[in-house]
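Structure first, commentary second.
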Ligand SMILES: *Cc1c(COP(=O)(O)O)cnc(C)c1O
């Protein structure tokens, strides 16, 4: 056996530039899944590539117990973009690790045990993050997982109020559920979660691994609801494809985080890639651009009058609930139209392109969707 776990697609990718991926045979693909939200500034952005090349030539690695300019520059950049009060940064290597740290820190800072998560939520595949992930298929083969976890209906304030008690260490939520079908939370639900957790001395964790970095049209999705959690996690596109996660914490969490560590925390090359990615996001006003393009995308989808059940989302995180299997639609989009997108569950086609896309790219995707699904185009 060689590789396993993934069912590989019949397209061998050789290179990437901006919103495009190129197969070995030269076929061009418009990557409207941003390779799982990993390329917010596009594939191989020249600033990121040169930051990586320069840092690699200088110093590939030194452990986090030695300060480096690369890591300090990233700390400063992350603190500058963090929601106010979340300037304490723990760097790790993936989304699941960012959440793993968030859950550990919440337990140690509160001295409490119970973890509350949402049905249809997705937080990663390592044992702790998996324990607060809803989907049975992901969990069942690996049980028993971490115990003392309760799931609540996403969006139901009363249920949340009932479940939070004196022993609740954390409530973990995505401001928009990604894998679970692109389900945005209402502002009032997130505000209720903030109030309830604050009253109970419970940490509120927002998993912004998919919704962060400008994706929803604000730098962090929690800004739309005027809510600041105690811990915010980010990963995916933070280093444009190099492995990274970050756990941003309030002072009271960081002060009693407990013992934790990771060999690769803030390694120089990855830090340089992340610093460059954040600089591009800020300098090119990409969150604002994502808001505009998201609106354009949704209005064009509406105008195309596609025979679908629903279009929902926020900024450039859009879910289209189709009437047949999403995977069949995605396959046709890829093979007949050179458009790559993602599923979110069985019946939702998820669009989350690089934030750099323009109207012409949106037009290409909407007309491809109209062709595959049948519509007015
Ligand atoms: C992708 C994702 C994760 C897991 O990130 P990995 O880097 O794959 O471990 C966690 N939470 C959310 C919301 C995600 O979208």
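The backbone N, Cα and C atoms fix where each Cβ goes, glycine too.
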Pyridoxal 5'-phosphate binding in TrEMBL involves 95, 96, 207, 208, 209, 210, 263; of 122, 138, the partner in that site is 122
Spatial hits near residue 125 (substrate binding site) (Cα distance within 10 Å) out of the recorded positions 95, 207, 210, 236 come to 95
Densest Cβ environment (other Cβ within 10 Å) across the binding-site residues 210, 262 belongs to 210
Cβ contacts within 10 Å for residue 95 (pyridoxal 5'-phosphate binding site), all chains included, total 29
By the 10 Å Cβ-neighbour count, the most surrounded of the recorded positions 125, 236 is 236
The answer, for which of the binding-site residues 207, 208 has its Cβ ringed by the most other Cβ atoms inside 10 Å, is 207
Largest C-alpha distance in Å for the pyridoxal 5'-phosphate site residues 95, 96, 122, 207, 208, 209, 210, 263, as a whole number, is 26
